[in-house]
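Copying in the features that TrEMBL gives for the protein in this structure:
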ACT_SITE  His141  active site, proton acceptor
BINDING   Cys149, Cys152, Cys200, Cys203  Zn(2+) binding site
DOMAIN    17-292  domain 'Deacetylase sirtuin-type'
Amino acid sequence: HSVSRPSPNLAFVPACLPPDPVEVEELQHFVSNSKRLFVMTGAGISTESGIPDYRSEGVGLYARTDRRPVQHAEFVRSASARQRYWARNFVGWPQFSSHQPNTAHLVLRDWEKLGKLHWLVTQNVDALHTKAGSQRVTELHGCTHRVFCLACGDQISRCELQEHFEALNPTWKAEAFGVAPDGDVFLTDEQVRNFQVPACHKCGGILKPDVTFFGDTVSREKVNFVHQRLAESDSMLVAGSSMQVYSGYRFALAAREKNLPIAILNIGPTRLDHFASLKLNSRCGELLPLIV
């Protein structure tokens, strides 16, 4: 039976050719032979939902601007860095939180329901796999929809924090310039200057999104958990990631050590191309639905 799929938003998707029928057959063979598939996704699976990535040629954030994401040490150390981050995030949140899963997210959810997908690890912080209904999922770098206190660990939802921002900044307004992959927007220093940032309502500590910023590390517990899921799997599919970040790449290295077949679906080169069993240069939302 056919299910209506959302139409892709291709503004941030690099140009690529339609799927080659031979490659579709090869991926079909790969998936059919897998009984316990381990899937790792990256920013390239969410670009069709309208969220830009960092590294894609021509359309990624690094190609379009000289902007760089906030560094963990800077966020923790500097009140002005936190003010800048949260002001940009406050403006970008309504749009970022409204993004919806695309066809690729829904296909992976369906594979899980069919018992084909053993575990899914995403490097994305956009919650789109969860929105799609995936349950066997680990958010490797956390999720922007949660916020926690660095001092006492208290958690609140990002939506609740948005209400605190609005209450503290009733007259503050800013026009945004462009959207970044992690949900913030570009603002000038002048725009940010008077933005008020709330502290933790329990202890007065620093509030931080529950995400791994650049320069920070993924917790040992989470890494061990993912290694366990990989050890239970018989093959690995990488979808929408160049695997340039070591926190994800380490699992591909572990899969290679276990001699698991690895398939890559990504527009452009990846760090695994030289040892993958299969490399496909297509849109995730265009090729994955063709696999039965």
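Backbone N, Cα and C atoms are what each Cβ position is placed from, and that goes for glycine too.
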For the Zn(2+) site (Cys149, Cys152, Cys200, Cys203), what does the 8 A shell look like? I mean other same-chain residues with CB within 8 A of the CB centroid.
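Output for this site, in sequence order: Leu150, Ala151, Gly153, Asp154, Ala199, His201, Lys202, Gly204, Gly205, Leu207.
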For the domain 'Deacetylase sirtuin-type' (17-292), report the average pLDDT of the model, please.
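Across the residues of the domain 'Deacetylase sirtuin-type' (17-292) the model's pLDDT averages 91 on the 0 to 100 scale.
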So of Cys149, Cys152, which of the binding-site residues has the fewest other Cβ atoms within 10 Å around its own Cβ?
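Candidates: the binding-site residues Cys149, Cys152. Fewest Cβ atoms within 10 Å: Cys152.
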Identify, in sequence order, the residues in the chain of Cys203 (Zn(2+) binding site) that are 6 or more apart from it along the sequence and have a CB within less than 8 Å of its CB; answer 'none' if there are none.
Cys149, Ala151, Cys152, Asp154
Distance between Cys200 (Zn(2+) binding site) and His141 (active site, proton acceptor) at the Cα atoms, whole Å?
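Rounded to a whole number, the Cα-Cα distance is 22 Å.
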